[in-house]
Amino acid sequence: MRRIISAVLFGLMALAITVSPSFANTISNSNSPYDLINSKGQIIKYSDLQNQVQSYNVSESRGKVGSGKVLPEREIPKDPNKPTINFGTGQIIDEDKDSNSFSPFAVIGTDQRTKVTDTTKTPHKQIAYVELEYDNFYAACTGTLIGKDLVLTNAHCVHDLDTGESAVGGVVIPALKDNHYSYGAYFIQDYYHPVGYSNSGDSQYDFAILKLEKYGSYDAGDIVGYLPYKQVTNLSGTTIKIYGYPADLIEETGLYNQWGMSGTVSQESTNLAYYTIDTFNGQSGSAMLNTSNQVVGVHNASYRLQNGNVINGGPKMTKPMVDFITWASLQ
């Protein structure tokens, strides 16, 4: 589960994966790393997906403000016998331990993250705390509303490479602040991610789309709105911001809040962007937002370079990611 990746000249090392026989057999029927696999293990060929979305010719979307209607908090069932796992370390999170039990490998130098004090405004209203349920544990990530019932996050949030397990459920809570929320909590109905992530663990495939159930008669995007996204090629030198729900500051304060900061994309490859913006476990799946609050990528990990330095990064909003979102919006 540990999401720190060694890189030499930004060439990423493939990660081993152990999968269940049924999941492995399904994946073996795939012939493109961008073939889509859903929560049931069913595969949609990327070529078929492209045929369905090509007439829409989407490279940039419009966002939505949302009504801002306040909804009552709901009962969220949770199995007390399942521990919550830290995706960064693979260790059980013990709420009785202080934050020194974490190793903040993705905070670079002095921690410059600041707390979001107002989650009623864009883009923070559309940023969500995501809790995933697996057969034997829970895990937490961050996600961003990019459609009326769609959330962008990481593939590693819904598929654990270490065990080969995939999430069996989960809940998305937009604008969670000080352990409370005003805009509803939405159960995950389905999710989609590239088969390439399950097969290799390569970061360029580390993105996923969550499809949400309604809360009563309301879609999440109708209440909080959703952010626009933009297909990109070059991000080097671009100012971006990354906000999410970091485990270290949640542990330290005892409160679930958004934290984040801005910075500049310092390096990039064809599919990945790199930056020295501070992040931590739990911020997996946080959107890279440009100065217009367009989603231009998704944060996924820290990367240890050959010289021992650590830099953060994640996949850019390339055409396959846009195609995934477009296809999911049609379902």
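Note: Cβ is positioned from N, Cα and C throughout, glycine not excepted.
Summarising the annotation, TrEMBL assigns active site, charge relay system to HIS156 (among others).
Listed in sequence order, the residues of the same chain lying 6 or more apart from ASP206 (active site, charge relay system) and placing their CB within less than 8 Å of its CB are ASN154, ALA155, HIS156, TYR197, VAL298, ASN300, ALA301, GLY314, PRO315. The active site, charge relay system annotation in TrEMBL covers ASP206 (among others).
DSSP classifies SER284 (active site, charge relay system) as coil under the three-state reduction. The active site, charge relay system annotation in TrEMBL covers SER284 (among others).
The compositional bias 'Basic and acidic residues' annotation in TrEMBL covers 71-81.
The domain 'Peptidase S1' annotation in TrEMBL covers 123-312.
Long-range contacts of the region 'Disordered' (64-90) within the same chain: residues 1-4, 102-103, 105-106, 120, 122, 125-126, 133-134, 136-141, 148, 156-157, 162, 171, 180-185, 215-216, 218, 221-226, 247, 280-282, 284, each at least 6 residues beyond the stretch ends and with a Cβ under 8 Å from a Cβ of the stretch. The region 'Disordered' annotation in TrEMBL covers 64-90.
Positions annotated as signal peptide by TrEMBL: 1-24.
In the compositional bias 'Basic and acidic residues' (71-81), helix, strand and coil residues by DSSP number 0 helix, 0 strand, 11 coil. Predicted-model confidence for the domain 'Peptidase S1' (123-312) is 94, expressed as mean pLDDT.
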